[in-house]
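Asks: Per TrEMBL, the feature domain 'ABC transmembrane type-1' maps to B:13-213. What TrEMBL records for B:12-39, B:51-71, B:91-109, B:150-172, B:192-213 is transmembrane segment.
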Amino acid sequence: MIFDYNVIWENLPLYLSGLLVTLKLLAVSLVIGLTVAIPLAFMRVSRRIVVNFPAWLYTYVIRGTPGLVQLFLIYYGLAQFEAVRESWLWPWLSNATFCACLAFAINTSAYTAEIIAGSLKATPHGEIEAAQAMGMSRALMYRRIVLPSALRRALPQYSNEVIMMLQTTSLASIVTLVDITGAARTVNSQFYLPFEAYVTAGIFYLALTFILVRLFKLAERRWLAYLAPRKH
Amino acid sequence: MLNGYGANIADGAWLTIQLALISMVLACGLGLAGAAFRLSPVRWLAWLGDLYSTVIRGIPDLVLILLIFYGGQDLVNRLAPMVGYDDYIDINPFAAGVFTLGFIFGAYLSETFRGAFLGIPKGQAEAGVAYGMRSTQVFFRILVPQMIRLAIPGFTNNWLVLTKATALISLVGLQDMMFKAKQAADATREPFTFYLAVAALYLIITSVSLLLLRLVEKRYSAGVKVADL
């Protein structure tokens, strides 16, 4: 037999702790990313250039550069400046987990902002007219009608973004973190079994992707049921 | 410019562009084959196409790159003695990069192309058959030219993602602009400067691509009426 899976079996705890790191990175960056993305999306649908332009520039630059470069700029790049090294932020900015979360959150916020902005623009006119007819104030209309409706309709595209983000978290292994990919790299460097090590990592990611797809299908059935084609 | 590393990074940028372009050609071939498989009436071919696109799209690019580059090299060297070849086989990073990126983005493009083929009215292929064309003729003369217009938005997206993914190939030793920037950053201890310069170069490449592909889209949409809203 040319494959040796005993080593992988013995190192399963390492992969499982890597799985936890991956999930933690994913959850933290998605939560921060979404929180930043919502105000950005509102800026992106504004008709005023001074409001729209900064948000456009932000999403354009972030979406036009590789995540790897963004991560390196934050993790390696910022240390170049003495002001950063001496500031109170340094304990955080020299921490790989913090830098990875920050870079991933910035990355996903740009993509998510564009998704939500697209969904906001596609708000059916009748919903806004109905809100106005009910005498809602602008703030109330946004909070109760426009935002919930847009976020629901963004769900299918957002599920793609979450899966892309899961894949992006693998970059954390480059800045010394031991996520699933990091576990595979560790196993490879200790036992020199690259094929087995990376195939195992691939299986973990594949399983996670299937679970996420399934969860989003359930979420769509719950929150987008009113848009589903009629069954009878 | 850039402490004398400017020319070095420009060389790397040229390699990045070459890598992206050649990978995209391979990805288009694989994507077209994948889409044809997935739309095939032969059950096991369709299953094979679905398997390819699902598995590849469910695994991070970085893991696939490490798997194909290190794992592939290891596997080739474990298998080679069995067929009586005893020298160590070293895989060239550029060739490995082209193969890996082509293989990955072929899976993404097969999805784009499949959607585009499904968007062509059925009557088009039927008319081709009615004219007595063979199925390969219908595919290349009727379906592919019309599919291109429908596939351009998805293609643009994939091209941009691929361009950015080339940065990962620097991690397995290809001396693209990301690799050169890392070298310069280590030598000068000015990482921010060099990564920022490379970020700007990627932004230029993606911006120019967007402009060019918009022109292509206009060209292929000649004669198509758009609803004037």
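A Cβ is built for glycine as well, from the same backbone N, Cα and C atoms used for every other residue.
Let's see these features in context: how buried, what's close, how far.
Replies: Residues 34, 37-38, 91, 93, 96-97, 99-100, 103-104, 106-108, 110-111, 165, 168-169, 171-172 of the same chain lie 6+ residues outside the transmembrane segment (B:51-71) yet bring a C-beta within less than 8 angstroms of a C-beta in it.
Same-chain residues lying 6 or more positions outside the transmembrane segment (B:91-109) and placing a CB less than 8 Å from one of its CB atoms are 15, 19-20, 22-35, 52-53, 55-57, 61, 64-65, 68-69, 72-73, 76, 154-155, 158, 161-162, 165-166, 169, 172-174.
Counting only same-chain residues 6+ beyond the ends of the transmembrane segment (B:150-172), those with a CB under 8 A from a CB of the stretch are 16, 19-20, 23-24, 27, 61-62, 65-66, 69-70, 93, 96-97, 100-101, 104-105, 108-109, 111-113, 115-116, 119-120, 178-179, 182, 202, 205-206, 209-210, 213, 216-217, 220.
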